[in-house]
Each structure stands twice: as C-alpha cells, then as structure tokens.
Amino acid sequence: MPISLPVAASLYDRVRRVIPPIEWPAFTDDIDAILALKRERNALILAHNYQTPEIFHCVADIVGDSLALARRAMSTEADVIVLAGVHFMAETAKLLNPDKTVLIPDLGAGCSLADSITASDVRLMRQRYPGVPVVTYVNTSAAVKAESDICCTSGNALAVVESLGAPRVIMLPDEYLAQNIAAQTKIEIIAWKGHCEVHERFTPADIRELREAHPGVTVLAHPECPPEVVAEADFSGSTAAMSDYVGKRKPSRVVLMTECSMSDNVAVDHPDVEFIRPCNLCPHMKRITLANIRVALEQNRHAVTVDAEIAGRARRAVERMLAV
Ligand code: 13P
Ligand code: SF4
C-alpha cells in the first residue's frame, strides 16, 4: 500500500471552476495514492487533452495533443509511463521506449479511426497506387504504422504531406482530415473512409445555431470534423493548437467543436473566457479514470507490448514524423 500524503486538498483550488465541491471528495483518496505511487515507481503520467480535469490537472505530469505526448515520451527518464489516453497513444509511447514499461489503464480504450483500417488494407492501397507514399495518422495500430512511410498527427499533417516532395500522397485513415489537408495544399491526396465517431457528428447547422444563440462566439474546430464544419469555423487545429488559440487570442466567448473535457481543461487557465459547451464525449477516452490509473500503478497493468518486427518498422514511421 502506498503511504497516502494529503496533498489532494491543496489541488482543489486549481480545478474549482470545473469540478463541483460535492464531487471533489470522491477523487482525493485516489489522487493522493497516485501521487505517492508515481514517486515509488519513478512513473510518469502522460495525459491527452481529452482526459477529465481531475486526471489532467491533478495527477498528470505531461499533458497535450498526440504530437506532444509522442515527443515527450521520447525524452523521459521515468521507468514506467502511464498513458491516460487511448490505446494507439500508449502503443506509440511503447514504440519510442521499447525498454520501458508502458501502461494503459483500460485495454478497451480504443479509437474508431484506429479500428477503421488494417495492415492488409494498407498493402492493398499500395498495390492500387504503386509508388505513392503512404502517410498514416497516429490514430492507428502499430501494424498499420509499420506498413506506412511516415506518420502524422493533426498538428503536423500538412508539414508531413509537404515534406515528401511527391505530387500524390495516400493519407490514411481519416477521410475528413485528408480532405481538410487537401484544401490547404496542391498535393493530390488519396483518402480512406475512416471517421472519428466524436467529430463526425458536428454539422455546419450546429455552428450556425451557435452563432445565432451566442453572438460574437469564436468557433474552433478539430480537423477530424467534416470539411463543411471546418469551413464554417473561425479556426481549425489540433487540440494543442485550439488551446494555444484561446491562450493567445483570448476570445471573449468560444466554442470548441471537439471532445467535452477539452473545454473544462482549457477553461481552468482562462477564467475571463466564456466557454459555450456543445460537445461530444469520446467513450474511449472516458474509460480512463483515477481509479484505474491507481490500479495500473499498483498492479502494473495493462503493460503494452508490440511484436518486435512490427515495432521496428512502425518506429521508423513515427521517428520520421518527429524529424519533420
Ligand atoms: P490531437 O492530436 O489533436 O490531440 O487529436 C487526437 C485525437 O484523438 C482527436 O480526436
Ligand atoms: Fe479516436 Fe475520435 Fe476518440 Fe480521438 S476522439 S480517440 S479520434 S474516437
């Protein structure tokens, strides 16, 4: 049993705007236990921007978008990495740290994009378009990454596509991200029909209704949203880019067309910004809780493993992306 130090109480001030006082006592025991376990095990918690505020603001060491989490995973001295996010993020951390223990607190934390394509689908695309380079979104399994030339995230997709010096590029598996990138480059993009189950539900009509109901609202949309939604937004970018936009431009009212916890997490640092909150929950991200992070550290589960041969090829695609 870890020695419980009562530090959680002092953390409440940070999150009081987004966690009601009545809910807070349910978190404190797990927070204290996790902070003690991290010290005991020399563990690092990487948390994606879609994690709930008690994880994001109270136990995470590194927070950010998929690109930041991959970058930071590469430069850690920790023995254990806990990925508070979805499975492909934990796999990416493992690819970059083959000798470290990487834990995902719930093996069911998947992703509709990662589930939309297999390694043999990528091989078929290569046969259909010989010689055309393949860019795969990091929201894929290691087996799919292993079949690709280079990975990308929503934060660097345009730069990655343009770095290849090719007139045509296959971009998998997110059809909408591919279309949103195609709108910004002369390079011909060949897409796949994968979609994010969270972002595909936003519509241009949602944005029009929001603008009518909340005059002056600034609309930020993730590039996994359909192109018609991105076209009606004021800005589109990765979760980190949306967060930076709010920090730098300080809109008086803003709506983030993305996963629900994102607004809570950004709102903590911007009391002067009004967040309008129509949002969609990612059921996979929401499988991660303080309780299962604690169990992950106590019982060393679930350790992520990747077949060595697949890992070698997948790592090359991720490292090539990180070099862009
Ligand atoms: P980001 O890389 O922008 O954080 O997006 C990851 C993701 O899963 C969005 O749905
Ligand atoms: Fe996957 Fe969409 Fe959830 Fe992101 S929000 S993890 S892309 S299902």
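Even glycines carry a Cβ here, placed using N, Cα and C.
The annotation in TrEMBL ties H48, S66, Y137, V138, N139, H222, P223, E224, T239 to iminosuccinate, and of the candidates under consideration, S116, S120, S154, S252, the one tied to the same site is S154. Site annotation for [4Fe-4S] cluster in TrEMBL covers C111, C196, and the matching candidate from C279, C282 is C282. Looking at E224 (iminosuccinate binding site) and C196 ([4Fe-4S] cluster binding site), their Cα atoms lie 6 Å from each other. Within 8 Å of the centroid defined by the CB atoms of C111, C196, C282, the record's [4Fe-4S] cluster site, lie the Cβ atoms of V86, S112, L113, N139, E197, V198, H199, E224, E259, H284, M285, excluding the listed residues themselves.
Less than 8 angstroms from the CB of H222 (iminosuccinate binding site) sit S154, H199, S236, G237, S238, T239, M242, L256, M257, T258, each of them six or more residues away in the same chain. Ranked by CA distance from C196 ([4Fe-4S] cluster binding site), the binding-site residues H48, Y137, N139 have N139 at the top as the closest.
Among the binding-site residues H48, Y137, N139, C196, H222, the residues whose Cβ lies under 6 Å from any atom of ligand 2 are, in sequence order, N139, C196. Checking the binding-site residues Y137, C196, E224 for a CB within less than 6 Å of any atom of ligand 1 leaves C196, E224, listed in sequence order.
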